[in-house]
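A short worksheet on the structure shown next.
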Amino acid sequence: MPSEESEVTSDADARDATSSIANSSIVKNLRIVSLCTLLSRLLGLGRDIAMASLFGAGTVLDVFIVAFRLPNLTRQLFGEGALTTAFLPVYLREQTERGSAAARATLTAVAVALASFLSLLVLTGEAAIFWALMNGNFSSSTVLLLQLLAIMLPYMVFICSAALLSAALHALRIFLWPALVPVVLNVLWLTGVGVALLLTEDEQTQVRLVAGAIVAAGVVQCLLPFFVLQRLNMGLTRNWRSGWPRVHEVIMTMLPVVAGISVVQFNAILDSLMAWGLAAPDGGGLAPLQAFGIPALLPAGTATTLYIGQRMYQFPLGVFGIALGTVLYPLLTQHAQKGELGLLRDDLCKGIRLTIAIALPSSAGLFVLAEPLTNLLFRHGQFTAEDSSLTAQMIATYGAGVWTAIGLTVLNRAFYATGDRVTPMKFGVVALLINFLLNILFVVPFQGVGLALGSICATTLQLAITTWKMNAQLGPFDWALVLRTLWKTVVATTLMVLVCLAILKNLSGGEQVATYALQLLIPFVGSVLCYWLSARWLGMSEIDDIFLRAKKT
């Protein structure tokens, strides 16, 4: 008979082997999702540059950004966020316990319920907008806002359906095609900008054409995962009524997640609404909130510069943070369903270490390179030097908080995987209230930058209490390993920043595009090279995990 010691050793070896396989799977799929997300973000950057060049930081682009927030919020709530989080564990369980037919029935039933609910929501919204336009007496910017909302509301149905179908592919461990869905939006968005530029010179007509292109993109985004699932014989089915009981389960599961994610998104919406409402329109006139006795505190275009700042900090967040959360979530969910808390902690600890190794230098890089980045990408066309200066301040402020956003993304997925959907909601509400108070406190002394600063401070506090709660709920992590990664990352990042500042100090000035390019690319390449060499010198295995191909075992 094997001894008790040999059995324990065997169990430990099995766990180590399982953890090694899981880590390899995490890194492999992370590369796939990150590369596709990088492509999408680069195209998204191109679309933002095109929009800023075409419209400048003025009222038209401010209005468009606020109008796009609503369908985009619905995508994040009912699509990629709450619904995906609630649906994936149920779909996995049906697939494992009852087979493919039950999983397909569940997918179809949830898709029918989602499309029906969102279609009703869109029709109600369109009717309300039509009534308001017919009976209201609004400023020209408010009329344009309502018109753009009317055009883009149907996008909600298509993109949320695409997110649901993509979640089914994630459950099947297929990450490539879902990761290409955002690429479709950016390609057609850019196409819309080009068509608008060719067809008319009227800014309001141009922005309506861009809004129409977004809706067309939503249709294509929905069709892409639909056809992939159909090809795998795992798509929608006519025999879906047996999956209807699962719809109620998904709805009840997603409600607290909706509340939690909505808090995060309302932070961004709150910032945008305050930036729009407190800014006087181009060419004079009253700021939207002046009708309520609140003075115009911000210049026109603040909402645009705030949006660009958010987009720049979402670049590393999307390429790495959301990609890592997407890959980790199915794995953590499986561990939780099997009661494998040890493996769950191991994989989450791996995710935290990867987050530290990438997020800290990303934050530092955005902060230091905010001005040359803005000058190269946006300082042309209708985008003025003043617009660029404010945008650079926004990017630097948001950039300083990249690490908090990525950390929250990873930790909240762990809560959802274990079935705890209330904790992220509670901490999110706290962060929302703090953000609102800080916005009021900071907007007068710091103007638009104060809105970004309030968000970063609130998110940092949210990350701190979330980490404390996670450690208490799942049991102690290997904090020695995490702290070892942290101090090495801090040292490597500090060296990187010093090299970057030294390069920037010795570069000549100028206002030509070539000069802007050199002012960004030379310190960027030098910083990346310095960080990589420093990380290798310090023995940071996380860098090899991310950028080098995994060794075959």
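Every residue gets a Cβ built from N, Cα and C, even glycine.
Summarising the annotation, TrEMBL assigns transmembrane segment to 49-68 (among others).
Positions annotated as transmembrane segment by TrEMBL: 107-133 (among others).
Within its own chain, the transmembrane segment (145-167) is flanked in space by residues 63-64, 66-68, 70-71, 74-75, 78-80, 83-84, 87-88, 91, 107, 110-111, 114-115, 118-119, 121-122, 125-126, 129-130, 132-133, 138, 177-178, 181, 185, 207-208, 211-212, 214-215, 217-219, 221-222, 224-226, 229, 235, which lie at least six positions past its ends and keep a Cβ under 8 Å from the stretch. What TrEMBL lists as transmembrane segment is 145-167 (among others).
Residues or ranges marked as transmembrane segment in TrEMBL: 174-197 (among others). Sequence-remote contacts of a segment are chain residues at least 6 beyond its ends whose Cβ falls under 8 Å from one of its Cβ atoms, and for the transmembrane segment (174-197) they are 29, 32-33, 36-37, 39-40, 43-44, 46-47, 50-51, 54, 159, 162-163, 166-167, 205-207, 209-210, 212-214, 216-218, 220-221, 224-225, 228, 232, 323, 326-327.
Marked as transmembrane segment by TrEMBL: 209-229 (among others).
Per TrEMBL, the feature transmembrane segment maps to 250-270 (among others).
Marked as transmembrane segment by TrEMBL: 313-332 (among others).
TrEMBL lists 352-370 (among others) with the feature transmembrane segment.
According to TrEMBL, the transmembrane segment annotation covers 390-411 (among others). Counting same-chain residues at least six beyond the ends of the transmembrane segment (390-411), those with a Cβ under 8 angstroms from any Cβ of the stretch are 57, 264, 299, 301-302, 305-306, 308-310, 312-314, 316-317, 320-322, 324-325, 328, 348, 351-352, 355-356, 358-360, 362-363, 365-367, 370-371, 373-375, 378, 448-449, 452-453, 455-456, 459-460, 462-463, 466-467, 470.
The transmembrane segment annotation in TrEMBL covers 432-465 (among others).
According to TrEMBL, the feature transmembrane segment maps to 485-504 (among others).
The annotation transmembrane segment is assigned in TrEMBL to 516-534 (among others).
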Given a Cβ distance threshold of under 8 angstroms, which distant residues of the chain, six or more beyond its ends, lie next to the transmembrane segment (432-465)? 263, 266-268, 270-271, 274-275, 278, 297-299, 302, 305-306, 309-310, 390, 393-394, 397-398, 400-401, 404-405, 407-408, 411
Please report, as numbers and ranges, the same-chain residues at least 6 past the borders of the transmembrane segment (49-68) whose CB is under 8 Å from any CB of it. 141, 144-145, 148-149, 152, 190, 193-194, 196-197, 203-204, 206-207, 210-211, 214, 272-273, 275-276, 279, 281-282, 300-305, 307-308, 377-378, 380-384, 387, 390-391
